[in-house]
Amino acid sequence: MNAVITSLVFISLVGVGYSWRYPRNADQTFWAFRTCQRQSEGAKSLREWYRWNLPNDEDTHCYVKCVWLHLGLYNEQNKSLRVDRIMEQFNSRSVAIPGGINTISGPTDGTCKDIYDKTINFFNNNVNDLRTAFYGIKKLSDEWFTQNSNTKPKGTKISDFCNAENREKGGADCQHACSAYYYRLVDEDNEPIHFRNLNILGITDEQFASCVKASKNKQGCKVADTMYNCVEKHNSQALKILDNQSPTY
């Protein structure tokens, strides 16, 4: 019951709508995969996920939901997948849209298990194309990073990248525009990522929601500054932990 109340409070404070730009790039998909894997570091199936195998167990069910959500492909309002965006991602990567893509359309009950059941056959039937479309093959991912040197490289800490070349200013007079984005406190449009789960870093959902609320009347990279300062105020070690993890997200 407490978990339900917490969830309702969180949603009432921050809302459930978000609309990320599509297609997603290799940095954004890499963050999604690594973030969801890190949130379940003790899972027995973790090594299977690295190989893009999704066994039928409870941890994997929630890993699948996590990935869809962090790719911007799960609509929390109607509890369904954004099939149009999946198609857009395939098109952007010159990958043929799978014939069975409509099998994953329509609502779920929102549980990890139901989302897994809804999508696992589609995943298994198209895993190689999905890996290509979402940069899930190391060679393709590395090629993208090489071609996009304005993005934080793999193996580089967020602090090292963002403190160089005045990146923290965000093209304005901000202080944490770059870091707040790469810590994924905000998205590429400086909108707070309301579902960001920092519990394992000592930031509760209620605390994060209060940061989102504090940023409500800010504009542009001032939203990023507000989110950064608020999270740091709640737990000064949280962002340091993220920074130490950031060479591999």
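Just so it is clear, glycine is given a Cβ too, placed from its N, Cα and C backbone atoms.
The signal peptide annotation in Swiss-Prot covers 1-19 and rests on experimental evidence. Feature annotation from Swiss-Prot assigns disulfide bond to Cys36-Cys66, Cys62-Cys112, Cys162-Cys178, Cys174-Cys221, Cys211-Cys230; the stated evidence is experimental evidence. Under the heading thromboxane A2 binding site, Swiss-Prot lists Trp49, Tyr63, Lys154. According to Swiss-Prot, the feature leukotriene C4 binding site maps to Trp52, Gly136, Lys154.
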When the Cα-Cα distance from Cys211 (disulfide bond) is computed for each of the binding-site residues Trp52, Tyr63, Gly136, Lys154, which gives the smallest value?
Tyr63
Counting only residues 6+ away in sequence within the same chain, which have a CB under 8 Å from the CB of Cys36 (disulfide bond)?
Tyr63, Cys66, Val67, His70
Cα within 10 Å of Cys178 (disulfide bond) - qualifying recorded positions among Cys62, Gly136, Cys221, Cys230
Cys221
Please report the Cα separation of Lys154 (thromboxane A2 binding site) and Cys162 (disulfide bond) in Å, rounded to an integer.
14
Leukotriene C4 site residues Trp52, Gly136, Lys154: biggest Cα-Cα distance, Å?
20
